[in-house]
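Engineer: I'd like to ask you about the structure that follows.
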Amino acid sequence: MSLPPNPRQQLRALIRQRRKQLTPNQQQLAATQLVQQVLALPLIQQKQHIALYLANDGELDPYPLMQALWQQGKQLYLPVLHPFNAGYLLFVHYTPDTLLYPNRFGIPEPLPECHRVLPLRQLELIFTPLVAFDQAGNRLGMGGGFYDRTLAQLPKDSTCEVIGLAHSCQQVEAVPTEAWDIPLKQIITPEHMFEF
Ligand SMILES: Nc1ncnc2c1ncn2[C@@H]1O[C@H](COP(=O)(O)OP(=O)(O)OP(=O)(O)O)[C@@H](O)[C@H]1O
Ligand SMILES: [Mg+2]
């Protein structure tokens, strides 16, 4: 007996395929445009501890942005699969010299050494990857629930901002949501800054 198609899985597959069709030139241009978009944000001046990610699966590449932020003296962090708390992320300090090792999804990550892990409540800004987003700020990720679980742990009075990064081709009419999905208040594409 086959299961009925799940609209979230279908949308995820469609957008992942679309995203993977971007050429290296398009990816490079998008990554460069992202730097301008983010550096023009007034809030970036006030944020020192910032989480980003390493691009995978055709995601918008924040590496040129990271280089610009390092130049400004910002402290950057990468998500690492929590070694004991399955389904959660830790954020580990990342510098140009940090050694990276592939995790079980093949995504490079730093070692979760205690002295390099920043408690979630001390992060001031988190840039998340995503697969699809809509005009209400709903976010569909890769399907692991890692960001949903981790962001749900931010304290109620947290001033940490969470901003999604995506290519324009990842915008859809409506993302089918579930109760646990954490919507975003801000999403940045190479061309636009969306606020919801
Ligand atoms: N706060 C949470 N507590 C427990 N389980 C959760 C939580 N958030 C999500 N999950 C579980 O994670 C699974 C995947 O969720 P979902 O499809 O929303 O992932 P996603 O948003 O695409 O991934 P990600 O958050 O990693 O980008 C679901 O089965 C869901 O039950
Ligand atoms: Mg989700």
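Don't overthink the numbers, they just go from 1 along the chain as shown.
Glycine is treated like the rest: Cβ placed from N, Cα and C.
The model shown is predicted, which means the values in this text are computed figures rather than measured ones.
When I checked TrEMBL for this same protein, it listed these features:
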BINDING   R8, Q9, Q10, L11, R12, R139, L140, G141, M142, G143, G144, G145, F146, Y147  ATP binding site
BINDING   L54, E59  substrate binding site
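Please situate the listed features within the shown structure.
Structural biologist: Long-range neighbours of Q10 (ATP binding site) (same chain, six or more residues apart, CB within less than 8 Å of its CB): none. When secondary structure is read from DSSP and collapsed to three states, Q10 (ATP binding site) falls in the helix class.
Take the CB of E59 (substrate binding site) and look out to 10 A: across all protein chains shown you find 21 other CB atoms.
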Engineer: Taking the Cβ of each of the binding-site residues and counting other Cβ atoms inside 10 Å, which one has the highest number: L140, M142?
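Structural biologist: When each Cβ's neighbours within 10 Å are tallied, L140 leads.
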Engineer: Could you check which of the binding-site residues R12, L54, E59, G144, F146 have their CB within less than 6 A of ligand 1?
Structural biologist: G144, F146
Engineer: When a 10 Å sphere is centred on the Cβ of L54 (substrate binding site), how many other Cβ atoms does it contain?
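Structural biologist: Result for L54 (substrate binding site): 17 other Cβ atoms within 10 Å.
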Engineer: Near G144 (ATP binding site), which residues of its own chain have a C-beta under 8 A away, given they sit six or more steps off in sequence?
Structural biologist: G87
